Ligand SMILES: Cc1cc2nc3c(=O)[nH]c(=O)nc-3n(C[C@H](O)[C@H](O)[C@H](O)COP(=O)(O)O)c2cc1C
Ligand code: SF4
């Protein structure tokens with residue numbers, strides 16, 4: 001996206017949300033969903049639109065884990081590493097994923113196809129190990145199932161919290 | 001959930017009653033099981049009587065601290081002209097706690113019905129549900145349920161022809177445990193970084209946008225319709241005198257059938273374990289948390305402690321969120337505590353020094369101790385750091401972080417020393433995992 005397009009997008013997102021009180025977090029969620037990340041250019045644009053300081057926006061972006069400051073890959077893979085999933089083999093899945101993609105947790109593959117992240121509990125404890133792929137939660141994930149899920153994720157759309165759609 | 005032997009205390013499925021229906025999360029299914037009937041009753045009742053009803057039921061907050069819900073509602077100042085807000089705390093992220101998320105997934109409408117009744121009782125026409133950002137599936141389901149409720153006239157203008165208006169907004173967090181603390185949550189809801197505010201003033205006086213605000217846990221609010229439907233006596237017949245009613249007990253870890261068991265407060269771990277098929281076959285209970293990682297750990301000595309606010313308190317811990325994490329004899333307590341503190345260090349919001357620095361250093365020390373590179377003196381160092389945390393941190397996250405460290409040293413000091421003397425961890429960690437147990 002060119003700078004002009006980004007500016008246009010930021011303006012329209014802010015316009016949609018301006019009537020809400022304390023809209024910064026919602027605006028950042030929208031932008032994070034649509035752009036995949038929020039970098040310093042976006043921070044500056046949002047600050048300008050809302051008439052707050054860049055530091056205010058930067059502070060919020062960096063406080064919350066969900067906001068990315070670098071481009072996200074086509075596939076966002078989050079593996080649960082909380083106690084319940086650990087007890088049923090989450091660490092093996094994490095190690096496997098790190099090996100297969102050649103990245104560590106928190107990193108994106110050099111070709112930009114997959115971002116590997118960790119998350120602490122998806123509330124799917126009875127069906128661990130759990131993974132979230134492009135916003136969709138999967139249970140009983142092992143090395144083989146991980147490959148299957150990722151293969152099908154490539155072809156499906158990104159699901160986000162803000163898009164309507166049926167609950168899955 | 002099958003029961004092998006007849007337990008002394010029976011389960012009391014109220015909020016989980018319809019969970020085994022395949023479509024339990026739909027409005028239609030909820031209505032088929034009597035849903036939204038309590039709302040009709042409530043809307044024909046005077047709001048103050050509802051507050052009094054909740055007060056006399058003895059319902060105490062299910063979010064951890066156990067503050068009486070009706071009393072919290074009655075703290076809203078009568079003479080403040082500003083709008084009042086109801087904020088539902090659905091940020092559930094305390095390690096081991098898994099009750100609100102399954103509840104909202106399986107039965108979102110019981111929460112919505114509770115919200116309408118509670119908002120009507122406190123005379124608020126705007127409610128927010130602040131949900132953990134990570135659980136996108138729950139956010140989607142809640143939004144869907146809210147839309148269903150609007151379509152059916154259960155939210156919005158003139159609800160069920162009563163003249164009462166209520167709007168509900170589902171607000172997603174963005175990945176920060178501290179946003180579960182009620183004042184940090186309010187800051188986050190206002191669009192800022194979620195850092196705790198100085199109390200007083202309490203939210204009831206000056207909360208969201210400096211307006212009178214009630215912040216309650218999901219389970220607290222979801223329990224309200226059942227009280228309206230069945231009455232105060234029905235509710236107080238369950239539980240103990242000072243801890244009335246029922247609640248979710250979430251069993252996880254080394255237990256045969258983990259899951260959410262809805263039982264009267266005052267049930268014991270022994271009874272719950274009986275229902276859950278016991279500790280993992282071939283192993284003994286070593287330690288457990290009564291209410292998530294922020295509550296001091298207990299041991300097999302406490303199997304018969306009634307799980308109510310008072311009894312767990314006198315046993316030296318806290319009922320917390322009733323997140324019972326069960327650890328058997330294969331678990332290294334130093335390792336488990338180390339993992340928890342790594343979590344607190346990561347989630348410390350950085351506002352106050354004891355928590356920001358204390359957790360950072362405790363991770364270093366625990367890591368060394370676990371690897372067998374520590375010294376016995378370092379146990380005192382840990383306790384010293386805890387002493388600077390407990391009661392001295394700005395919010396309860398700091399107190400919570402001291403809990404596992406202090407209680408584990410109290411109950412398992414020798415195990416820490418074994419690590420030092422043997423120059424390494426005496427446990428085979430694979431044995432404490434599910435796949436390691438088979439091999
Ligand atoms: C670090 C921290 C995290 C918390 N997380 C939650 C949470 O996720 N959900 C919750 O209901 N209460 C949480 N609480 C407790 C809230 O501050 C508050 O006491 C509770 O929401 C009040 O609701 P209740 O009276 O219905 O229990 C947390 C407290 C602290 C200090
Ligand atoms: S105790 Fe920790 S989380 Fe709470 S205000 Fe201090 S630094 Fe923040």
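Yeah, the Cβs are placed from backbone N, Cα and C, and that goes for glycine too.
Record features (TrEMBL):
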type	residues	note
BINDING	A:80, A:85, A:121, A:125	[2Fe-2S] cluster binding site
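Contact annotation for chain B: of the listed binding-site residues (A:80, A:85, A:125), A:125 place their CB atoms under 8 A from a CB atom of that chain. DSSP gives residue A:125 ([2Fe-2S] cluster binding site) a helix state. The 10 Å shell around the Cβ of residue A:125 ([2Fe-2S] cluster binding site) contains 27 further Cβ atoms across the protein chains shown. Taking the Cβ of residue A:80 ([2Fe-2S] cluster binding site) as centre and 10 Å as the limit, one finds 28 other Cβ atoms among all the protein chains shown.
Take the mean position of the Cβ atoms of A:80, A:85, A:121, A:125, the recorded [2Fe-2S] cluster site; other residues of that chain with a Cβ within 8 Å of it are A:81, A:82, A:83, A:84, A:86, A:90, A:120, A:122, A:123, A:124, A:128, A:129, A:130. Using a 10 Å radius centred on the Cβ of residue A:85 ([2Fe-2S] cluster binding site) and all shown protein chains, the other Cβ atoms total 27.
Around residue A:121 ([2Fe-2S] cluster binding site), the same-chain residues six or more apart in sequence whose CB sits under 8 Å from its CB are A:80, A:82, A:84, A:85, listed in sequence order.
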